[in-house]
Amino acid sequence: MTMTETKSRLVEEIQQWKEKRNAIILAHNYEIPEVQDIADVLGDSLMLARAAAETTADVIVFCGVHFMAETAAILNPEKTVLLPDLEAGCSLADSITADQLRQWKAEHPGAVVVAYVNTTAEVKALSDYCCTSSNAVDIVNSIPADQEILFLPDMFLGSFVQKETGRDNMQIWMGECHVHAGIQPGHVDEVMAQHPDADLLVHPECGCSTSSMYQLSEGMLPKEKTHILSTGNMLKHSKNADASEFVIATEVGIIHQMQKQNPDKRFIAANEQAICPFMKMITLEKVLDALKENQHVITVDKETADQAKLAIERMIAIG
Ligand code: 13P
Ligand code: SF4
């Protein structure tokens, strides 16, 4: 059997099992192309959390990383949430533990905790609000201006939110995603020099986001062609913008979708090495096994889930 025949057979089998189990496949924009192509919903973290909250399916196959499946499980304790590979973790979520957060809160009594969705369920349970890159600014703006905020765990997203909201009473945890942190100002400068007419789309978790914000404020990058966006908003921008070339500063998996939606436009990675090993762990074979073998079921204990749910529901409601 050729590779193409094997792939079509796998896709067909996945469809059959999906129907049999009344399942939905949710996939993040960083997944491998074949997995993106079989998703019922493909999106950024906020869109996927909303899809998980709204689905009527019995089974949710989460093609993403562990914290995403956990969020879906918290929102749907009565449904089966499957993560096709248990090793699909997240270096950013690992950058703060529940104990570290307890300690930080003790040092700032009365502060409101805003946690990026890239956190464990235990960390969410200790937080007041969750946010994603697409609504972090709106969430922080919804909190009274005189209220101290502890923002975690991503320092680059934190600096972006601080700049956008103008808040000086926001403490930021010094965590980072190793993939986004690896997209450095030098990468962007080099690629932009080769494509001076391109729109520049930067994810706020990137190591280059602080320098892009500085260059924007100093007029070194044009305002109308430089945008700091979540992956979902990057896709919207690339569809709607007039530009024919785009430099993309985020995990490279998203370029598959951009190219698919805009065959006549050109998308160039700011750093071709920005590949998330966790997102790439999910394959068609593992999706099929997940449906057939009911693996790996993600659950969160009731007490943690009940506490975390409040923060997640606030995230879903805003922005
Ligand atoms: P968004 O898709 O919400 O922008 O998040 C990016 C990310 O790093 C997910 O792990
Ligand atoms: Fe986590 Fe970074 Fe991978 Fe996103 S790209 S899942 S933040 S390690």
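Cβ atoms are placed via backbone N, Cα and C, with glycine included.
Marked as iminosuccinate binding site by TrEMBL: HIS28, SER45, TYR116, VAL117, ASN118, SER133, HIS203, PRO204, GLU205, THR231. Per TrEMBL, [4Fe-4S] cluster binding site is recorded for CYS90, CYS177, CYS276.
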Restricting to the same chain and to sequence separations of six or more, state which residues have a Cβ under 8 Å from that of GLU205 (iminosuccinate binding site).
LEU92, SER133, ASP154, PHE156, LEU157, GLU176, CYS177, HIS180, ALA181, THR250
Pick the one among the binding-site residues CYS90, CYS177 whose Cβ has the fewest other Cβ atoms within 10 Å in this structure.
CYS90
Listed in sequence order, residues not in CYS90, CYS177, CYS276 with Cβ within 8 Å of the centre of the [4Fe-4S] cluster site Cβ atoms:
VAL65, SER91, LEU92, ALA93, ASN118, HIS178, VAL179, HIS180, GLU251, PHE278, MET279
With respect to ligand 2, which members of the binding-site residues HIS28, CYS177, HIS203 satisfy a Cβ distance under 6 angstroms to one of its atoms?
CYS177
State the Cα to Cα distance, in Å, between HIS28 (iminosuccinate binding site) and CYS276 ([4Fe-4S] cluster binding site), rounded to an integer.
12
Write out the long-range same-chain contacts of CYS276 ([4Fe-4S] cluster binding site), meaning residues 6 or more apart in sequence whose Cβ is under 8 Å from its Cβ.
TYR30, VAL179, GLU251, GLY253
Please identify, among the binding-site residues TYR116, ASN118, HIS203, the one with the smallest Cα-Cα distance to CYS90 ([4Fe-4S] cluster binding site).
ASN118
Drop a 10 Å sphere on every Cβ of the binding-site residues HIS28, HIS203 and tell me which sphere holds the fewest other Cβ atoms.
HIS28
Give the maximum pairwise CA distance in Å, whole number, for the residues HIS28, SER45, TYR116, VAL117, ASN118, SER133, HIS203, PRO204, GLU205, THR231 listed as binding iminosuccinate.
17
Which residues does ASN118 (iminosuccinate binding site) neighbour through Cβ under 8 Å, counting only same-chain ones at least six apart?
SER45, PHE67, CYS90, LEU92, ALA93, PRO153, ASP154, CYS177
